[in-house]
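If you look up TrEMBL, you'll see 140-174, 209-243 marked as repeat 'PPR'.
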Amino acid sequence: MAICKINHLFFEKSVASNRGLCTATSTGMAVTQPKKANSLFSAVSKLRITPDSESGIANTLDEWVNQGKPVKRFDIINLINYFRNRVNYRSALQLSNWMESSKIEMNNADRAIRIDLLSKIEGLDSAEKYFNSLQVSAKSNKTYGALLNCYCKEKMLDKALEIFEKMKVLGYTSTLNYNNMLSLHWNMDRPDKVLLLVQEMEEKNIAADIYTYNLLINSYASLKDIDAIEGVLEKMKRNKVKYDWFTYGNLATIYVNSGLHEKANAVLEEMEKLKNQSDNGLLQNHLTHIKLYSQMNNLSGVNRAWESLKSTFPTPNNLSYLFMLQALSKLGDLEGLKKCYKEWESPCSNYDFRLPNVMLEFYLSQNMIEEATAIHESLANRGTPNLRTLNSLTSLCMKKGEIDLALKYLEMGVAKAVSEKHHWFPTDDTIKLFLNHFEEETDADRAKKFIDSMKKTSRLDSTVYDSLLSSNTSASNSVN
């Protein structure tokens, strides 16, 4: 399933998403901002809403009405979409609540959005209760589709299957609803069910779209069926469904993982020609190129993709630098790595520990202790390091013979790992550095500190603790 896991890097655009729901409700997510500063939009959108002040929006709307000013359905939906675009679902739900209790007539698209918001803020039980309270005429393709969307997002397979079968009986089948089910099966590692459901779509003459085909390609990839993938591509051409950057990214990944580098390069070249992409699409396009060229050990391709990214985004963000540093580290380009890191660090205003982590891990892998130490020193007063940083610093101090400092970083990391419920800290290599040290040196006190920290992680079994403590204690007694 290696291909499947890597493909998730590109298949972040879940079909069962807000974008999908907006298609179901026919409201869109476009927001019209009135030019007048004293508009209802201005009055509500500027409110600072917290969980403790949930009446703020309702009070503002009530006051607006009491002043004799009109509030139309469009005004409320426009504001709901404004807050949804900003992932402020609580405020969007408050608007929906007010709309529900007012005299404004709601349509089924509005009710579908309400189901989605209730699920997000109050939970699925609340969304189900609202759906069940609707009149028969309001239980339409849109509201059924919204509830199905909620089940798919929460990976509630049984409920999703039940409502989907009912929707089929009612004639509420559509590409969107099938895509929601396809997405559910894919996210639950059921690629075989994706294939069967797409076959059902074909039998019922339900048109597949780009999302359907992307899911189908991913499913065949997880089954390592390259021939079937290329059959899907031919079908897309026949049906005049254009590839998007997402399709290209998946294809290139699949070909790289299959060792088909010539085909991967051809796909990446086609990907470079894509036009009319959003900023996010363009960025993902560039990052995909950097990652895949590095996987093919193509340094010139990596550098070309980086220059192309910087020509589009003159001030790359932390994520872009992270991708580039990881690529250069994988390819062992020391000079390029140093140059890129310095370029990021000098004007950096938003420090991200993931970037020095790449440098630390590379220097340690090359046993470049002096360079790793310089990174270590640069981290002073940079805030709280993450677990990977603490692991690297622990390893660095062990290699330098600074055992007490290594134990300090180990203790910090263990406390963080336990609180965050991570089970990998410290890495096996770091543990081996400690074990090798205690095998070679009589160090009973430090061995006990190491054991006390490691017992909190369940990373070693009790026989290792007993052996380590016994050998160090015995050696210490014999010396005395």
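Glycine residues also receive a Cβ, built from the backbone N, Cα and C atoms like all the rest.
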Counting by DSSP secondary structure, give me helix, strand and coil numbers for the repeat 'PPR' (140-174).
27 helix, 0 strand, 8 coil
Could you tell me how many residues in the repeat 'PPR' (209-243) are helical, how many are strand and how many are coil under DSSP?
26 helix, 0 strand, 9 coil
Return the average pLDDT for the repeat 'PPR' (140-174) as a whole number.
97
